[in-house]
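Trainee: Sharing a structure, written as structure tokens. Questions coming.
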Amino acid sequence: MSDRIFGVFGILLAIGFAMSALTIEESFLSDAVGPKAFPLIIAAILGISSAVIAIKPDPEPHWPNFARLAEIAAAVVVMVLYAQFLPVAGFVLATAAAATYLSWRLGSTIIGSVLTGVGTSVGIYVIFHLVLGLSLARGPLGF
Amino acid sequence: MDMLNSLADGFMIALTWQNLLLALLGCFLGTIMGALPGLGPSNGVAILIPLAFTLGLGATPSLILLTSVYYGAMYGGRISSILLNIPGDEPAMMTCLDGYPMAKKGLAGEALSISGIASFVGSFFATWGLILLAPQLVKIALLFGPAEYFALFALAFMTLGGVSSTNQAKSAFAAALGLGLAMIGVDTQTGVPRFTFGEVHLYDGLDFLVAIVGLFALSEVLIFLEERHGNASAEGRKLEVGRLTPPLSMVKECTPTMLRTSFLGFLAGVLPGAGASLGSFIAYSFEKRLVDKDGTFGKGDPRGVAAPEAGNNAAAGGALVPMLALGVPGSGTTAVLLAVLLSLNITPGPLLFSQNPDVVWGLIAALFIANFMLLAMNIPMVGLFTRLLMVPPRILMPVVAMVSFVGIYGISGSSFDLLVMIGFGVMGWVLRKLDVPLVPIILGTLLGNAMESNLRRAITIDNGDWFTLIDSPLAIGLWAVAIIGFILPIIFGRVVKSKMRRREDEEGAITD
């Protein structure tokens, strides 16, 4: 079933890609092929392979249960928040928070995950910023 | 003689303090990444690329660092195969078969040292193979016009799926997806924006480094979160190594095996789409058929440890040949290395050898040096790495995620790229679940633009005649190989694959 859904999604993606390719504006100074042809070929391959996947599905993959899916969704939300708050909160704070969360969800104890988080953040800060001179996001506190 | 002169020049370049230190660092990190289950050569190299850039390293030093990581990972993978029966990375799968039984018999030290020697032999001969074969391939490649290059790219995509996936439709899907992603941005030839949906950030196209780090490194973190697999595989087990010198008789017994499998592995590496996993598989099965008269393979035969290790290290060297000489990588990790070259504005391929001989020969010399360093690290100092197996993923994975973020942020300084990377991470997770190979996606995003411009150039030269694509014998030959390479696995692939997959864990979608 997963493969059938995936195949249908792929076909829709191919159609969307092809439609989007057709709307590309041709420049008046174009070569013999133009900017549309290759994307259309790709869309065709995408569509055909998706159709084959939908018609001949593989055995069902092992999907995680709802709780595990929620776990992944939560981790993704945390990472997105991290990306957004990085320039605001500064590298050290944001990274410590995100790493603590990930370590906690992977089964560390509370104290263990805080230590991992702070250790990761400070470690990266020292190695990458102080030693290697890479510029990291600077927060209100200057780090 | 010409070749030896170039090689000597290469050693002049490689033997600077900076390059030696980078090689040492790369070997060390590579061995760790190979040894730790969950980090393999392709994602290991991927998370280090941004580091190499932000350090402002030039082309040769970056390549030295990253290929040392690549070679190192090939060495390191065997450690957890032998001690824990868990392959540290995919190419080390076959090493479990005889390595773990040897360890159970109390011969862990002997298994580690004989496999270390085998790795050395494999890499050593493969690096010579690279020196001898790459310039010949360059001579052929100089005959290539745009039409032949287009066919060559097609060949790379069509053969890549044969080994990296059980389902050719899925690898075709992955390749098309990657090519489609490469189309995003302003068209280089006419200047019109394509698939940007008015988003200014997309006008430059997607940065393939962002895609690589997201697909390889972040998806791995998500896999671990899903399994909630936070404990070290080594926890609660005693890792006894024992004596680290193999008896001379064992070395003698294994020498012919190592030489044969180095050759086989190298060939497997040079072939497009194969890579190190296939190299070790072929090496092991060939040796089993050839020398296993008493049925000792699989029960702790040292030759069964030497064969796959020589094979995968030789394949790793072999896979560099098409990447450097043609600009078409044959495996996941060499695709990542190609990304490094492209980001440094160096186009691999025949011109690389004439325009940047310093890069090529410096790299080759560094590979020789790195190989000796790795031998030293992996036999006398192997105890250090076995202790690292105790690091649990609940500490390792947050570090991997954060280093990925830092690296990408360090290159662009934009949160938008981080979001794109997370998007690729999620996509990578879903696709791995569905058993869609990730390597063709990477290859597509890397080669998409070059493939298109060769197509357009070929047809424009011939005034819009599409048949120019199959006009020369060389192009027809390439297309024929491509089509055979695509169809053959549909017929025979399942047999080989199911044999290879018997010992497989979650690392399925990342080959290399």
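Just so it is clear, glycine is given a Cβ too, placed from its N, Cα and C backbone atoms.
Positions annotated as domain 'DUF112' by TrEMBL: B:20-443. Annotated transmembrane segment per TrEMBL: B:20-39, B:45-71, B:111-134, B:140-160, B:172-188, B:208-225, B:263-286, B:323-347, B:359-379, B:399-422, B:434-452, B:472-493, in sequence order.
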Trainee: Same-chain Cβ contacts of the transmembrane segment (B:140-160) under 8 Å, 6 or more residues past its ends?
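Mentor: Sequence-distant neighbours of the transmembrane segment (B:140-160): 171-172, 175, 271-273, 325-326, 328-330, 349-350, 437, 439-440, 443-444, 447, 450-451, 454-455, 457-458, 461, 468-472, 474-475, 478-479, 481-483, 485-486.
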Trainee: Can you tell me which parts of the same chain pack against the transmembrane segment (B:434-452), counting only residues 6+ beyond its ends and a CB-CB cutoff under 8 A?
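Mentor: Same-chain contacts beyond the flanks: 42, 149-150, 153-154, 156-157, 160-161, 164-167, 170-171, 173-183, 188, 205-206, 208, 211-212, 215-216, 219, 327-329, 331-332, 335-336, 338-339, 342, 428, 508-512.
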Trainee: Among B:172-188, B:208-225, B:323-347, which stretch has the highest count of C-beta pairs below 8 Å with the transmembrane segment (B:263-286)?
Mentor: B:323-347
Trainee: Need a quick answer: max count of Cβ pairs under 8 Å to the transmembrane segment (B:359-379), which of B:20-39, B:111-134, B:172-188, B:208-225, B:472-493 is it?
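Mentor: Of the candidates B:20-39, B:111-134, B:172-188, B:208-225, B:472-493, B:111-134 scores highest.
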Trainee: Output the single range from B:20-39, B:45-71, B:111-134, B:172-188, B:323-347 maximising the number of Cβ pairs under 8 Å to the transmembrane segment (B:208-225).
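Mentor: Looking at each of B:20-39, B:45-71, B:111-134, B:172-188, B:323-347 in turn, the most contacts to the transmembrane segment (B:208-225) are made by B:45-71.
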Trainee: Counting only residues 6+ away from its ends, which parts of the chain sit with a Cβ under 8 Å from the transmembrane segment (B:111-134)?
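Mentor: Contacts with the transmembrane segment (B:111-134): 3, 7, 71, 74-75, 78-79, 82-83, 95, 98-99, 102-103, 241, 244-246, 250-251, 254, 257-259, 261-263, 265-266, 269-270, 302, 305-307, 309-318, 320-321, 324-325, 353, 360, 364, 367-368, 371, 374-375, 378-379, 382.
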